[in-house]
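Enquirer: Feature table excerpt (Swiss-Prot):
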DOMAIN    172-445  domain 'ABC transporter 1'
BINDING   Gly205, Pro206, Pro207, Gly208, Ser209, Gly210, Lys211, Thr212  ATP 1 binding site
DOMAIN    523-736  domain 'ABC transmembrane type-2 1'
TRANSMEM  541-561  transmembrane segment
TRANSMEM  577-597  transmembrane segment
TRANSMEM  622-642  transmembrane segment
TRANSMEM  660-680  transmembrane segment
TRANSMEM  771-791  transmembrane segment
DOMAIN    859-1111  domain 'ABC transporter 2'
BINDING   Gly904, Val905, Ser906, Gly907, Ala908, Gly909, Lys910, Thr911  ATP 2 binding site
DOMAIN    1184-1398  domain 'ABC transmembrane type-2 2'
TRANSMEM  1203-1223  transmembrane segment
TRANSMEM  1243-1263  transmembrane segment
TRANSMEM  1291-1311  transmembrane segment
TRANSMEM  1321-1341  transmembrane segment
TRANSMEM  1348-1368  transmembrane segment
TRANSMEM  1379-1399  transmembrane segment
TRANSMEM  1430-1450  transmembrane segment
Amino acid sequence: MEESFLGDELTRLRSNSRMSSWRSSQSIREVFGGSSDVFMKNYSTRWREMAEEEEKELKWAAIDRLPTYNRLRKGMMKEVMSNGRVVHHEVDMTKLGNQDKKVLMESILKVVEDDNEQFLRRLRNRTDRVGIEIPKIEVRFQNLSVGGDAYVGTRALPTLLNSTLNTIEAVLGLIHLSPSKKRVVKILEDVSGIIRPSRMTLLLGPPGSGKTTFLKALAGKSEKDLRVNGKITYCGHEFHEFVPQRTSAYISQHDLHHGEMTVRETLDFAGRCLGVGTRYDLLVELSRREKEAGIMPDPQIDAFMKATAIDGQETSLITDYVLKILGLDICADIMVGDDMRRGISGGQKKRVTTGEMLVGPAKAFFMDEISKGLDSSTTYQIVKFMRQMVHINDITMVISLLQPAPETFDLFDDVIVLSEGQIVYQGPRENVLEFFEYMGFRCPERKAIADFLLEVTSKKDQEQYWFRKSRPYVYISVPEFSESFNSFQIGEQIIEELTIPYDKYSVHRAALVKNKYGISSWELFKSCFTREWLLMKRSSFLYIFKTTQITIMATIALTVFLRTQMKAGTVKDSAKFWGALFFSLINVMFNGMQELAMTVFRLPVFFKQRNSLFYPAWAFALPIWVLKIPISLVESAIWIILTYYTIGFAPAASRFFKQLLAFIGVHQMALSLFRFIAAAGRTQVVANTLGTFTLLMVFILGGFIVSKDDIQDWMIWGYYLSPMMYGQNAIAINEFLDDRWSAPTNGSQPTVGKTLLHARGLFTTESWYWISIGALFGFSLLFNVLFIAALTFLNPIGDTKAVKVENGDKNNRRPQETAIVGDIQMAPTRSQANTSSVIPFPNNESRKGMILPFQPLSLAFNHVNYYVDMPAEMKTQGVEEERLQLLRDASGAFRPGILTALVGVSGAGKTTLMDVLAGRKTGGYIEGSINISGYPKNQTTFARVSGYCEQNDIHSPYVTVYESLLYSAWLRLASDVKTETRKMFVEEVMELVELKLLRNALVGLPGVDGLSTEQRKRLTTAVELVANPSIIFMDEPTSGLDARAAAIVMRTVRKTVDTGRTVVCTIHQPSIDIFEAFDELLLMKIGGQVIYAGPLGHRSHKLVEYFETIPGVPKIRESDNPATWMLDVSSSSMEAQLVVDFAEVYANSNLYQRNQLLIKELSTPATCSKDLYFPTQYSQSFITQCKACFWKQHWSYWRNSQYNAIRFFMTVIIGILFGVIFWNKGNQIHRQQDLLNLLGATYAAVMFLGATNASAVQSVVAIERTVFYRERAAGMYSELPYAFAQVAIETIYVAIQTFVYSLLLFSMIGYQWTAVKFFYFYYFIFMCFTYFSMYGMMVVALTPGYQIAAIVMSFFLSFWNLFSGFLIPRPLIPVWWRWYYWASPVAWTIYGIFASQVGDRTDELELTGETEKIQVNEFLKEYLGYDHDFLLVVVFAHVGWVLLFFFVFAYGIKFLNYQKR
């Protein structure tokens, strides 16, 4: 009907239009004759516009007649035809295609910098026109204090001893037997204020001042282990009255995303989960009022509002809008990437984190350091867009920035200055300088106000800003500032406002969100299901690998247990069938264990999204469960199809399908179990340890390793709780109750099959098969429920951070202490600081840390090009080129004593150029010349004379600051530098970089624990400086720092340059002070092209003069930061506006010609000069490298309590459990089953704890490997000393672990107490655990990532398990596989232990189903193939295994580099 009506209307319109056109043309011809073509054209244009307008009105009238539900889903989009005619189409907004979205966004935001404000005003005007009020939120906080408890001093370091003492103290504290040794640490102290809507607030404060804690508290996301006191209200309502996590959005400074998803997919998922909020209700009311008023809305605005008001869409127009304003549209379809997967840049990743919350409907935003990694121009644009949103849409917003440029600072309405947990100022930006002048401090000319605000509370920096020369300067502390602000006019006004309660009844009903989630439960499930399916597709390699692995294992199993070798029907024939059944079972279980690593890997993103109420835990867990069911079906089917009939199991078809069902049940149970363990453990080390321990208990009590009848009576409950027992019963009953095992026997059981089941303690009726199947699926359900419960109630394990304690404060705390508190980072009081705020140095300051001699070197590069293989995702978009060019004809020169800045917008290629010049690229294709003081660069020698400060600040987490520096100096300074000189040099560098107060602080992991970002930056700089290099590359040394910390780093850099070194820095957001501290600039644009290379000049006048000579470039204003102005005027949009290519302008300039002459001069060796030469590749000898690496590994292991404390704890627990389960079995060898139980005990004792070691060590080695890549690139050591140190320290801890384990097992199992037997027992277990650890290390070295390493490890462990001699004794292994028995290290260990402990015994042994007896040693030789006389060979074989794995590990890290740069 609607289409018919619309068609009739259009026909009438066209008919009327034709008649009107004819009449008009006739009258025109009559009046003007045929002579006025101009008038005719104008009239024709006017007529066409009228017709188009009329057509638009008619189409809107048709839409307006639709029912409300349909009307809100229909919009109009215009299309400009090739002849210039505009046609309006009716579009279903729920089915917008990519092209439709692109057209709509282009029509709304053609040039985002110019059009965004106008677009937002058009949106707002539409609501204002019909009198709809937009909800607003005012946030108040009164007497807000946040604190926590922390250990201080040496107790703060997480050593094994401290961890043990802390655990004991915590347990005793629960029962009030021991007072806590923790100290109270205050993070925020009695702060009050108001965050107003429609005003954008800047939060300033040095790292450690409590900014993150403050923002989290306002957003209702304070850490659970912190004490929060005071009152926070939204429009007068406290947190319990609404859902603060959905009313507001906290944007973290840490970028946690799924690397497998593209930028667009990441934002689409966030938008889908967060929902549309009140956008749909607003649209309903808006549409109703417009219809009543007869108002026709702007079609573009109407289409946008409708497209963004429909929830549950897989992809939304709001995503396209956010991508556009954040500048992410250029990388929208590129993977986000992670540590081992190439993706977008760090700055782009930071914007993705911001965009993830902007796509949601929140009305208040608390943004934590959103500019980290962004250049000042990009930051300015993003903050400008935020300002437009705040002012036009009445949003409440607080943004924390570290180094805001003056023009970015001017965008804010209000400023909060936070220092040492107290508010120093809160109020209008315009009045902030007035307050500090009221206090006696004035901001100097050309000093950024933000920088001044950060420094004026510092004791060291404060005096330089004192302007009341008539009065003597006295230091004003932070509490004094805070108190004075309360008596300042603005402070008094805030206090007065806080005394007047907010009128809760005037609050807009849509302002505060009462629903916990943004969409319905079904939509949440669909969203998470879609994402899980996407992640599975992107990780398809893992599943293909797993499927291939199980196929290979099934093939091996069928050749080991080949049908032709498998006779059935008698008790003697059953051994191989038991082995085949148990191997199948254990293989399926181990295959499920790979789920553990994959789940732990996903948890950080899950916790972030769960806490932001994207979805509940069940919505995350159920899709994983559902989508893994087909995986279980496929993997189980592959195993059964390949093995069932080829091995020769019961031939009935029904039994084939019953075994398949059993294996599906076991596989589902295993996947669910390990998912639950991953969620409970939450970290790789803890989860791995718990996983292996659980496997151990499930297997031991499962009825195969030890039969039910031999389990202690008081532990029989464990037998019935073991899921493995039900799997074992199901497959055994299915096989042995078949007709071919029904031959009668003379024993207590009527048939052979039942005799075999009874001997193993299994059930003997068919009904128990179905009971077992029900139990397996019941366990699967239970573990999935527990998985959901763990995800719902558990939080990430609270890692610790170092806290510096004040010196000389009112509590008389001792200096140079560190304290540990969960997720707290406190700064030192400014009384403790020993820094200057400006880059120029006092005249009396000595330049320390550079006393060792060095050779000044220059670096010249000419016509450098760099290519990488074209990314697959770009090829899918139609790009045909095979290579992507990242650097294009880059040329320049860096000279001694000259500090060069390498600047460009995000993605310009700054880091790429630096990596190419420093020789840090691991892939790609490099063209062009690079010369060092006239000679072609040789990377081996260049590494000795250069330093590279990486952007990511990678360091070993478990050593202190002083140890990191001493280690670097030890390995990188010349071997003739004496130890005392080296230590003095380190001390001087620490003073230079101002790390003295942090000498004993633990480094920690970036973004997790340990040092703050700015402290880590200074450490990175110091680590390179102690190497005494001639050329230093610094990748964004000031990124992530506040202005004061950046000044400290740059002052250090300046001192370094003034000693005659060559220093190059990439830099993102330089203040005027920092930018003008550089001597020269190399400016790049997107595409990797140089657009300026030359001197800056006094106050950057040479740079300014160069760009101002280019026609059309706007002049710089007096107050502008030259760095920001430079990036603005050279941006891509400015190029498009001026129709100019700045790279081409530079290439045709005189400056370029002069630079080419300089490059030519520096590329020619000086007279009488020599090329760099070192007699050895490394500074230190092989022995010294080993000593240094071992020294660092020693401290790393001693402080890695999570790894070692858990390892020793599990060793004791497993040892005791084994001892209890196998109590005195060594003295009770009378029956064949007794000996098999003992063999099972030996097998389990070495296999499971050994596998635990192999699995747990992988995460330790993986973390250290990233540090190894940096240190190797720096030429610190060769691979063998590193491998030696890693292996040596692990071996020492294994030796201690083995002693504890051996003592427990040997004494409790009841082996014969002789020195020789105990030595053998200890030796074999020690060597076993050692080669297991070496194996874990080796697999990490050979694989690119932790997940792949876990899969590869379990694959070969299955081999070792099959050929260990337990599942199938060596004499029964087919001759074509018997060689692999000797290739299984576990087989040698079991051989060694069993032969040494019982191989010489001559006791009589009863055989199952036989009347004759046999001596133990004879049985071992005949049935198991163990000979006591072969022990010496076994002893030396273990040495061979250890050495083999060690050398493969060493050569793996030597020749394989999985770091992608």
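Every residue gets a Cβ built from N, Cα and C, even glycine.
Help me picture these features in the structure, burial and contacts included.
Expert: Under DSSP, Gly205 (ATP 1 binding site) is assigned to coil, being neither helix nor strand in the three-state scheme.
Tertiary proximity for the transmembrane segment (622-642) is limited to same-chain residues at least six positions away from its ends with a CB under 8 Å from its CB atoms, namely 525, 528-529, 531-533, 536, 543, 546-547, 550-551, 553-555, 558, 584, 587-588, 591, 595, 599, 656, 659-660, 663-664, 667-668, 671-672, 675, 784, 788.
The Cβ neighbour count for Lys910 (ATP 2 binding site), using a 10 Å radius and every protein chain shown, is 27. When secondary structure is read from DSSP and collapsed to three states, Lys910 (ATP 2 binding site) falls in the helix class.
Long-range Cβ contacts of the transmembrane segment (1203-1223) within its own chain (Cβ-Cβ under 8 Å, at least 6 residues beyond either end) map to 160, 163-164, 167, 685-686, 689, 693, 696-697, 700-701, 706, 711-712, 715, 1197, 1237-1238, 1241, 1244-1245, 1248-1249, 1252-1253, 1256, 1259-1260, 1293, 1296-1297, 1300-1301, 1304-1305, 1307-1310.
Within the chain carrying the transmembrane segment (1243-1263), a Cβ under 8 angstroms from the stretch's Cβ atoms is held by residues 684-685, 688-689, 691-693, 695-696, 699-700, 705, 957, 1005, 1200, 1203, 1206-1207, 1210-1211, 1214, 1218, 1286, 1290, 1294, 1297, 1301, 1305, 1324-1325, 1328-1329, 1332-1333, 1335-1337, 1339-1341, 1346, 1349-1350, 1353, 1357, 1360-1361, 1364, 1366, 1386, 1389-1390, 1393, all 6 or more beyond its ends.
Sequence-distant contacts of the transmembrane segment (1291-1311) (same chain, six or more residues past either end, CB-CB distance under 8 Å): 1197, 1204, 1207-1208, 1211-1212, 1214-1216, 1218-1220, 1222-1228, 1238, 1241, 1245, 1249, 1253, 1317-1318, 1321-1322, 1325-1326, 1329-1330, 1333, 1397.
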Enquirer: So if I exclude everything within five residues of the ends of the transmembrane segment (660-680), which remaining residues of that chain have a CB under 8 angstroms from its CBs? That is, six or more out.
Expert: 584-585, 588-589, 591-597, 599-600, 603, 621, 624-625, 628-629, 631-633, 635-637, 639-640, 687, 690-691, 694, 723, 727, 730-731, 734, 769, 772-773, 776-777, 779-784, 786-787, 790-791, 794
Enquirer: Would the transmembrane segment (1348-1368) count as touching the transmembrane segment (1430-1450), i.e. at least 3 C-beta pairs under 8 angstroms with sequence separation of 6+?
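Expert: When sequence-distant Cβ pairs are counted, the transmembrane segment (1348-1368) does not touch the transmembrane segment (1430-1450), since fewer than 3 lie under 8 Å.
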Enquirer: Take the transmembrane segment (1321-1341) and find every residue of the same chain, 6 or more past its ends, with a Cβ under 8 Å from one of its Cβ atoms.
Expert: 1245-1246, 1249-1251, 1253-1258, 1261-1262, 1265, 1286-1287, 1290-1291, 1294-1295, 1297-1299, 1301-1302, 1305-1306, 1311, 1349, 1352-1353, 1356, 1385-1386, 1389, 1392-1393, 1396-1397, 1434-1435, 1438-1439, 1441-1442, 1445-1446, 1448-1449, 1452-1453, 1456
Enquirer: Please give the sequence-distant neighbours of the transmembrane segment (577-597): residues at least 6 beyond its ends with Cβ less than 8 Å from one of its Cβ atoms.
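Expert: Same-chain contacts beyond the flanks: 546, 549-550, 553, 557, 561, 566, 568, 628, 635-636, 639, 643, 647, 649, 663, 666-667, 669-671, 673-675, 677-678, 684, 687-688, 691, 695, 698-699, 704, 724, 727-728, 731-732, 735-736, 756, 760, 1346-1347, 1350-1351, 1354, 1357-1358, 1361-1362, 1367-1368, 1372.
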Enquirer: Which chain-mates of Val905 (ATP 2 binding site) that are at least 6 residues away have a CB under 8 A from its CB, listed by sequence?
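Expert: Expected: Asp375, Ser377, Thr378, Lys1085, Ile1086, Leu1127, Ser1131.
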Enquirer: Helix, strand or coil by DSSP: which one applies to Gly904 (ATP 2 binding site)?
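Expert: The residue in question, Gly904 (ATP 2 binding site), is strand (DSSP, three-state).
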Enquirer: Taking the Cβ of Ser209 (ATP 1 binding site) as centre, how many other Cβ atoms lie within 10 Å?
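Expert: Taking every protein chain into account, the count is 28.
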Enquirer: Taking just the CA atoms, what is the gap between Gly210 (ATP 1 binding site) and Ser906 (ATP 2 binding site) in Å?
Expert: 29
Enquirer: For the transmembrane segment (1379-1399), give me same-chain residues lying six or more residues beyond its boundaries with a C-beta closer than 8 angstroms to one of its C-beta atoms, as numbers and ranges.
Expert: 1226, 1229, 1235, 1238-1239, 1242-1243, 1246-1247, 1250, 1311-1312, 1317, 1320-1321, 1323-1325, 1327-1328, 1331, 1335, 1359-1366, 1370, 1373, 1416-1417, 1420, 1424, 1426-1428, 1430-1431, 1434-1435, 1437-1438, 1441
Enquirer: Compute the centroid of the Cβ atoms of Gly904, Val905, Ser906, Gly907, Ala908, Gly909, Lys910, Thr911, then list the same-chain residues not in that set whose Cβ lies within 8 Å of it, in sequence order, for the ATP 2 site.
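Expert: Apart from Gly904, Val905, Ser906, Gly907, Ala908, Gly909, Lys910, Thr911, the close residues are Ser345, Asp375, Thr912, Met1084, Ile1086.
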Enquirer: Restricting to the same chain and to residues at least six past its boundaries, which positions have a Cβ under 8 Å from a Cβ of the transmembrane segment (1348-1368)?
Expert: 542, 545-546, 549, 552-553, 556-557, 560-561, 575-576, 579-580, 582-583, 586-587, 590-591, 593-594, 596-597, 1239-1240, 1243, 1247, 1251, 1254-1255, 1258, 1262, 1335-1336, 1339-1340, 1342, 1377, 1380-1381, 1383-1387, 1390-1391, 1424-1425
Enquirer: Should anything in the same chain at least six residues away from the transmembrane segment (541-561) have a Cβ under 8 Å from its Cβ atoms, list it; otherwise answer none.
Expert: 576-577, 579-580, 583-584, 587, 591, 594, 598, 631, 634-635, 638-639, 642-643, 646-648, 1347-1348, 1351, 1355, 1358-1359, 1362, 1368, 1373-1374, 1376-1377
Enquirer: Through the lens of DSSP with three states only, how would you label Thr212 (ATP 1 binding site)?
Expert: helix
Enquirer: How many Å lie between the Cα of Gly904 (ATP 2 binding site) and the Cα of Ser209 (ATP 1 binding site)?
Expert: 31
